[in-house]
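Contents: one structure, followed by commentary.
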Amino acid sequence: MITIDESRNNLFDALGLQRLKDSYMKEDESSPQERFAFIARQFCADDEPLAQRLYDYMSQHWLSPSSPQLSFGRTKQGLPIACFLPYLHDTARGLIDTWAEVSELSMIGGGIGLGVGIRQPDEKSVGIIPHLRTYDASCTAYKQGQTRRGSYAAYLDISHPEILSFLNTRRVGGDHNYKLLNLHNGVNVPDSFMKKIWILSTLAPFVKMDPCPTTETLFKKAVTTLKDSRYFGADDRWLGEVSFAALAEQLDVVNRWDLIDPHTGKVKETIKATELWERIILTRAETGEPYIHWIDTSNRALPQFQKNLGLSIRQSNLCSEVVLPTDETRTAVCCLASLNLDYFDKWCNNEQFYLDVATYLDNVLQYFIDHAPPTLKRAVHSARSERAIGIGALGFHSYLQSKMVDIESLPAYLINKKIFKTISSHLERVNLELGELRGEAPDCVGTGRRFSHMTAIAPNATSSIIMGNTSPSCEPFRANIYKQDTISGSFVTYNKHLKRLLEERIPDNQARERVWSSIKMHDGSVQHLNQLTVQEKKVFKTWPEINQLSLVMLAADRQKWIDQSQSTSLFFNPDERISYVHKIHLKAWLHGLKTLYYFRSRKILTVDKVHHTTTTADPKTENDCTFCEG
């Protein structure tokens with residue numbers, strides 16, 4: 001029997017409490033504490049002390065379950081898995097089996113990250129667009145409970161002959177027969193393409209320069225920087241022979257990018273790499289997508305024991321934080337939960353906490369293996385073989401603000417490293433401990449590991465609201481005050497750390513309300529306030545006000561301790577120069593990020609955050625993925 005503490009309801013704000021009631025609690029549950037206790041009992045594997053500890057972690061907001069776990073039990077067919085990664089194999093059986101699998105997954109509440117491995121149109125194939133149109137339509141065909149419709153993303157290699165058509169599927173205008181407005185899209189980008197972009201962006205400016213000792217010295221330094229990079233190897237010896245005099249002709253050769261039919265291996269067309277890259281950047285600016293998956297970076301990080309089995313990563317998932325091997329026999333499974341960094345100081349050295357969280361997700365995974373229908377045999381095979389889980393985080397920006405640390409400062413970088421190094425080291429120990437107690441995953445035989453992967457940082461915007469209105473994932477707050485509409489009414493939400501500061505600084509209630517009104521009028525920004533110091537204004541910068549390179553470098557630093565990926569979104573002003581946007585994207589690849597999620601803009605942000613409308617009765621109003629919440 002779990003001992004429930006109703007006083008922990010005070011940890012919710014009004015919006016978080018209402019969101020939990022509207023979207024996750026069962027009709028016969030009168031308190032959020034009952035919901036947490038139910039989840040703890042379901043996934044404790046009959047270990048009552050574990051159930052009590054899991055309840056305590058959730059009710060104290062240390063641990064956030066993913067959405068399918070949080071809503072578990074509301075429907076008979078639901079399974080506690082957030083997202084699935086099927087691979088669309090280029091055979092008749094592969095096409096049929098994947099369609100059946102995806103339909104089943106949509107009905108049980110899973111988001112889809114589809115790897116597209118089929119050929120361009122020929123005498124036997126209609127190409128990718130007609131197939132993807134069926135998936136686009138099915139997004140609206142399956143309603144998952146009361147809160148959302150199905151949601152899919154498709155990933156295509158950047159060398160596929162239909163890549164340009166694929167990039168146009170979500171853009172405004174054009175033939176409606178080639179539009180996929182319900183289907184998110186992502187692009188697999190290899191190092192070979194990014195090296196071309198890096199070379200061209202580094203050396204192209206010299207083409208227009210007059211030869212002189214200064215420019216030739218700068219040119220040689222630029223070439224040396226490229227040659228010395230870890231991305232360049234034996235195949236790039238030609239860089240040593242690049243000449244200033246013949247640079248234009250040499251760069252024309254570099255700029256050639258072959259589009260290759262994956263079925264025949266034949267080059268179907270050659271286009272300019274720079275034009276394709278610019279199309280990707282502009283499409284992201286216009287639509288927020290495609291997501292970018294640097295597939296070679298992901299595969300380099302794949303554990304050697306899985307490489308030895310001939311496995312490889314072919315795509316990411318709906319929210320770009322999961323990178324696991326897939327093929328015609330494996331549909332990767334996302335089994336997620338998040339640690340609330342707002343409480344990092346309380347649980348960071350609690351060894352039992354890490355063991356319990358990993359055990360909890362292992363139990364969730366086993367429940368899926370035991371209860372999944374036969375249609376999901378590929379997903380069950382993947383889950384059983386690698387037992388991958390994704391322990392993530394939320395509340396990073398909130399934690400920094402609680403310490404009055406500016407997210408762009410050196411202390412923030414040091415805290416970032418400390419947090420994720422601490423989590424990783426504890427989980428490595430737990431992986432071996434559970435491997436000894438419960439046995440190695442089949443993929444991991446000989447390593448002592450229970451899990452092939454243990455960490456992935458999901459976007460978890462909804463979870464952050466429920467978990468005490470903390471900041472989502474590792475993203476900054478988008479505004480310090482915003483209004484959110486739900487089916488139960490409107491809520492004005494305040495940054496809790498700023499609220500505490502203003503209550504201390506401005507005792508008069510009416511004066512304080514005038515300050516909040518002023519913040520609201522400035523799109524949630526505090527940069528205009530005379531009542532705050534320069535340092536305090538830095539601490540409470542909103543996402544649009546933060547240098548995106550700082551966010552990329554923070555993500556790159558923590559990636560060293562994350563064995564999967566992160567849902568890393570970037571914000572740019574609508575009038576931002578494309579050269580700056582290119583620079584940030586290039587830096588993300590150079591510094592080892594595996595994926596980029598959404599491209600945000602102020603136009604979207606103003607609507608999305610200062611007046612954030614999410615009427616949960618209408619799935620069309622939910623722009624962000626909720627499957628990986630956790």
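Just so it is clear, glycine is given a Cβ too, placed from its N, Cα and C backbone atoms.
If you check Swiss-Prot, you get these features:
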type: BINDING; residues: S67, A82, C83, G111, N317, L318, C319, S320, E321, P459, N460, A461, T462, S463; note: substrate binding site
type: SITE; residues: C83; note: site 'Important for hydrogen atom transfer'
type: DISULFID; residues: C83-C334; note: disulfide bond
type: SITE; residues: D90; note: site 'Allosteric effector binding'
type: SITE; residues: R119; note: site 'Allosteric effector binding'
type: ACT_SITE; residues: N317; note: active site, proton acceptor
type: ACT_SITE; residues: C319; note: active site, cysteine radical intermediate
type: ACT_SITE; residues: E321; note: active site, proton acceptor
type: SITE; residues: C334; note: site 'Important for hydrogen atom transfer'
type: SITE; residues: Y597; note: site 'Important for electron transfer'
type: SITE; residues: Y598; note: site 'Important for electron transfer'
type: SITE; residues: C625; note: site 'Interacts with thioredoxin/glutaredoxin'
type: SITE; residues: C628; note: site 'Interacts with thioredoxin/glutaredoxin'
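What Swiss-Prot annotates, mapped onto the structure for a quick look.
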| residue | record | CB count, 10 Å |
| --- | --- | --- |
| S67 | substrate binding site | 30 |
| C83 | substrate binding site | 31 |
| D90 | site 'Allosteric effector binding' | 15 |
| R119 | site 'Allosteric effector binding' | 18 |
| N317 | substrate binding site | 36 |
| E321 | substrate binding site | 30 |
| C334 | disulfide bond | 29 |
| N460 | substrate binding site | 36 |
| T462 | substrate binding site | 26 |
| Y597 | site 'Important for electron transfer' | 27 |
Completion exercise
Y598 (site 'Important for electron transfer'), Cβ-centred 10 Å count of other Cβ atoms over all protein chains shown, is 23
Exercise for the section: In whole Å, note down how far the CA of C334 (disulfide bond) lies from the CA of S67 (substrate binding site). Expected result: 12
Problem - Inter-residue C-alpha distance, C319 (substrate binding site) and Y597 (site 'Important for electron transfer') (nearest angstrom) - result: 7
Problem - Surrounding CB atoms that lie within 10 Å of the CB of C319 (substrate binding site), all protein chains - result: 35
Problem - Three-state secondary structure, which DSSP defines for S67 (substrate binding site) - result: helix
Completion exercise
Those recorded positions from D90, E321, C334, N460 that fall inside 10 A of Y597 (site 'Important for electron transfer') by CA distance are E321
Exercise for the section: Consider the recorded positions D90, R119, C334, Y598 and say which one has the Cα lying nearest the Cα of N317 (substrate binding site). Expected result: C334
Exercise for the section: Grab the substrate binding residues from the record (S67, A82, C83, G111, N317, L318, C319, S320, E321, P459, N460, A461, T462, S463) and give me their largest CA-CA distance in Å. Expected result: 19
Completion exercise
Per the 10 Å Cα distance test against R119 (site 'Allosteric effector binding'), the recorded positions C83, D90, T462 reduce to D90
Practice task
Do me a favour and check the Cα-Cα span between Y598 (site 'Important for electron transfer') and C83 (substrate binding site); whole Å is fine.
Solution key: 18
Practice task
Check the Cα-Cα distances from C334 (disulfide bond) to the binding-site residues C83, E321, N460, T462 and tell me which is shortest.
Solution key: C83
